[in-house]
Amino acid sequence: EAGEECDCGTPENPCCDAATCKLRPGAQCADGLCCDQCRFMKKGTVCRVARGDWNDDTCTGQSADCPRNGLYG
């Protein structure tokens, strides 16, 4: 929702302050295929294994999202 940096529905999330819906100090992310222990995963880390003729999707190192690369192998 507007103004939220993370989903504050789960108080046990170590990356997100459940009271403010803001990332905790030092956290880059709270969830996502490219988020590990509150930090963005390294660029090139496989976040979605290829199916068929497609290449693996990899993290950018700048976001918790796992972008589709859309390239054939």
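Cβ coordinates come from backbone N, Cα and C, glycine included.
Model, not experiment: these values are computed from the prediction.
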According to Swiss-Prot, the cysteine among Cys29, Cys47 that forms a disulfide bond with Cys35 is Cys29
For Cys66 (disulfide bond), the close disulfide-bonded residues (Cα within 10 Å) drawn from Cys16, Cys34, Cys59 turn out to be Cys34, Cys59
Here the disulfide-bonded residues are Cys15, Cys16, Cys47; the one whose Cβ sees the most other Cβ atoms within 10 Å is Cys16
